[in-house]
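Chemist: Take a look at the following structure, please.
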Amino acid sequence: MPFQRGQYCRDATEQRRSKTGIHCYAFTPRIHPCHARFPSMMYVLWSLPALTVIGAIASGRMNTTLAAVLGLVAAIPVALFAAPAPYSAAQLATALERGLWIGWIITPYILGGLLFWQMAAQGRSAPGKGGDPAPAFDPIGRRRLLFFACFLVGPFAESATGFGVGMLGTVMLIRPLGLKARETMVFALLSQTLIPWGAMGSGTLLASAYARVPPAQLALYAMAPVALLMIVWMWLFWRTADRAGLPAPASERGREAGWMAISLALLAAATTLLGPETALLAAYGPLIVLRFLADRRPDGKQALQAARQALPYIALIACLVATRLLPGLNQALANLADFRPYADLPAWMPFLHAGSWLIAGALAMALGPARRGQLASQARSAWMTGRHAVLSVFLFAMMAETLAGAGISQAYADGLFSALHDWTILITPVLAGAFGILANSGNAPNSLFMPSQLSLALQAGLNVPAAAALLHVSGTSMGIFSPVRMSIAAGLAHGRGQERSVYVLLLPFALAAFGILLSLALLVVLSG
């Protein structure tokens, strides 16, 4: 019997055997891949929302929010009139509501993190001012400060807030070293090497919602590509430090590699215990203290001043860790409020939500005499900084749910799979990485490509968390090369006009990073 439009596999649950076991899935009706043979123009039409977003961002005339608006506007008529099966306005409304729910879950991480960081930073003097001497002048001390700023303080600040704040923290710390603008720009970008945990892991939570994979599991699978990419970033750090006149003997490079290995191991352990939201803060907070004590060897007065500045973060981390690790407290807070309108999407438990604790911490600081009267201005500043990210999360989530609910993501994946079979997965790191560079965010490639990636992995019998993590890391980690981040780095380093020369320096490392991601994609296919 020939295939008719709207005909689906009848089994409620399908099973596909693979080397890794049996995958069961039933959350989306699926067009049988043997019959997924739509006209070529239909696939072009289904690609229209993604092509619209890509074109808008690549033009350089629109920000991510406007591009997301255009993508959603394109997705709605495509879903209503060109879906592989009838798609009603009521179904569209449900999909849009699901997207709004995902955005609601993510927003407190973004705005809460920004507000907390800005309130905590009030009254803090810049390095080298207010009577503080430059932290280190001997060659080894300068080199260690550089590593400390790029790979510990920068990622910590980025995890607390996102939006390139890690670059600000890194540049503030290394400014007394008197480096040239070009090298300072590269070091600022190196603070962006752990973006899957940036902004309280909000991007990873969003990706897990699209992939239908628990956030902690997705983040743990992401550790492998992140660790391999760290080899490239360390190589970039060593080359740039040598060029900046801060070389190090092999023993010091070994020490740096050891610190990095310990940092990533602690991050993996914290992710297992706490989830991606608070893992980096909990893992890197103690490391920053230990590294500060080992490198600076402060006297009592200096140690007390540093502890006072770090107190908001110490209190926040302690509270978040307690809510995760103390079963009684965790259960009590969960029972206070638990909203689950959709079984396959994240729940909202406001008393356990890390964003709620960030906002509560900012409110608590506003009560202190040093920050009294600053809450309103800092809240406005947080909104102005984070508004585009918040709006784009809502818009991209609604677009992704619209395309997935209409069966377009599934049908598109079916078409790719029927043409390329298991090797389709090799395309996604390049697509996600390139789009992450253009959009300066992993949210856009996750929303556009994750539903299809999920379908492809299920059809091919591949490891779903591994395939999802590969796409997520490709879209987020390659954002280090984004023109937006480059512009921020140039502004902080007073290097306007040098962006092109920095890109020339970064090109070999970008190619090496893409090579690693493609190799991992091949490994996922061969091991699946």
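Glycine too: its Cβ is placed from the backbone N, Cα and C atoms.
Reproduced below are the annotations present in TrEMBL:
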- 40-59: transmembrane segment (TRANSMEM)
- 66-87: transmembrane segment (TRANSMEM)
- 99-117: transmembrane segment (TRANSMEM)
- 145-174: transmembrane segment (TRANSMEM)
- 194-211: transmembrane segment (TRANSMEM)
- 218-238: transmembrane segment (TRANSMEM)
- 258-289: transmembrane segment (TRANSMEM)
- 310-327: transmembrane segment (TRANSMEM)
- 347-368: transmembrane segment (TRANSMEM)
- 389-408: transmembrane segment (TRANSMEM)
- 460-482: transmembrane segment (TRANSMEM)
- 502-526: transmembrane segment (TRANSMEM)
Chemist: Establish whether the number of Cβ pairs under 8 Å between the transmembrane segment (460-482) and the transmembrane segment (502-526) reaches at least three, counting only pairs separated by 6 or more residues.
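Modeler: Between the transmembrane segment (460-482) and the transmembrane segment (502-526), contact is present.
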Chemist: Counting only residues 6+ away from its ends, which parts of the chain sit with a Cβ under 8 Å from the transmembrane segment (218-238)?
Modeler: 147, 150-151, 186-187, 190, 193-194, 196-197, 201, 204, 207-208, 211, 248, 253, 256-257, 260, 264, 267-268, 271-272, 275-276, 279, 465-466, 468-470, 472-474, 477, 506, 509, 512-513, 516-517, 520
Chemist: Do any residues, 6 or more residues outside the transmembrane segment (145-174), come within under 8 Å Cβ-to-Cβ of it, and if so which ones?
Modeler: 110, 113-114, 116-117, 126-127, 135-136, 184, 187-195, 197-202, 237, 241, 246, 256, 259-260, 263, 280-281, 284-285, 287-288, 291-292, 295, 313, 385-386, 389, 485, 488-489, 492-493
Chemist: Are there residues at least six beyond either end of the transmembrane segment (389-408) with Cβ under 8 Å to its Cβ atoms? List them, or say none.
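Modeler: Distant contacts of the transmembrane segment (389-408): 28-29, 31, 46, 49, 64-65, 68-69, 71-72, 75-76, 78-80, 82-85, 87, 91-92, 94-96, 98-100, 102-103, 106-107, 110-111, 162-163, 199, 202, 206, 209-210, 441, 443-444, 446-448, 450-451.
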